[in-house]
Amino acid sequence: MKKIGAHVSVSGGVEMAPVNALGIGADAFALFTKNQRQWVAKPLSVESVTLFKENCEKEGFDARYVLPHDSYLINLGHPDEEGLEKSRAAFLDEMQRCELLGLKMLNFHPGSHLNKISIEKCLDRIAESVNMTLDKTTGVTAVIENTAGQGSNVGNEFWHLRYIIDKVEDKSRVGVCLDTCHTYTAGYDIVNEYDRVFTEFDEVVGRNYLCAIHLNDSKKPLGSRVDRHDSIGKGLIGIDFFRRFMQDSRFDDMPVILETPDDTIWRDEIKMLRSFES
């Protein structure tokens, strides 16, 4: 069975995330543990941490199905030393927040070369950043999200993900989150070549590294390298893909997170997706 949820609001504090997830009928959720558009945030209070854990237990959310996301500002492959150090400090803070909350994963966008260094050099910096962070933390897996390849973002090709993983020293604490919109607009035809794409992922990256799914339709076409999510079945990926995905046991027992644009229909989307399983 799939564990389905969405990226829910933490307005009122991180402790509200499990409450908001329950409100849409979810059994998984994603959240930001701080303002995603600010470099620095005040530390999590003891009260917020305690309430978050209590609410997760009360509402029945297992930490294995909670997928926190780091700040959009962070670029672990930054070509400039100042930007790189700033990103590394912020990423460490995010990882430490996950530790405090008792969470098992931190999802992140790998980074961008900003047309100043090669793809390989950028990937090297990302892996080094992950290694530095894992050395200073325990119990939290760094989960690399594939990208659409917009601008100078890396992570749009499966080999990029494998390259980073190969250079991470603690293989037990690195994984991948596949975003269906990003996969499609990066040029992988999950609509017409479903089996081939996921077989390629298994061969290049390794299914054992797959930790989570971001389940989104796409407003932009195959190979466009533009990241614009759409509601399930309303975009160019189409409903048949999502029906097939929900019946594919390879994606059981991991958080499947909606980042679709209309949060007023998340409950309906989750209900529809669950109906495809039976």
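Glycine is no exception: its Cβ is also placed from the backbone N, Cα and C atoms.
Per Swiss-Prot, the feature Zn(2+) 1 binding site maps to His69, His109, Glu145; the stated evidence is sequence analysis. For His109 (Zn(2+) 1 binding site), other Cβ atoms within 10 Å of its Cβ number 25.
Within the same chain, the residues at least 6 positions away from Glu259 (Zn(2+) 2 binding site) whose Cβ sits under 8 Å from its Cβ are Ala6, His7, Ala30, Asp179, His214, Asn216, His229, listed in sequence order. Among the features that Swiss-Prot reports, Zn(2+) 2 binding site is placed at Glu145, Asp179, His214, Glu259, with the record citing sequence analysis.
Marked as Zn(2+) 3 binding site by Swiss-Prot on the basis of sequence analysis: His182, Asp227, His229. All protein chains included, Asp227 (Zn(2+) 3 binding site) registers 22 other Cβ atoms within 10 Å of its own Cβ. DSSP assigns Asp227 (Zn(2+) 3 binding site) to coil in the three-state reduction, outside any helix or strand.
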When each of the binding-site residues Glu145, Asp179 is scored by other CB atoms within 10 A, the minimum falls on Glu145
Note: in the chain of His182 (Zn(2+) 3 binding site), residues six or more apart in sequence with C-beta under 8 angstroms of its C-beta are Glu145, Asn146, Thr147, Ala148, Asn156, His214, Asp227
Note on Zn(2+) 3: the CB centroid of His182, Asp227, His229 has further same-chain residues inside 8 Å, namely Thr147, Ala148, Asp179, Cys181, Thr185, His214, Asn216, Ser218, Arg228, Glu259
Fewest neighbouring Cβ atoms within 10 Å among the binding-site residues His214, His229 goes to His229
Cβ contacts within 10 Å for His69 (Zn(2+) 1 binding site), all chains included, total 23
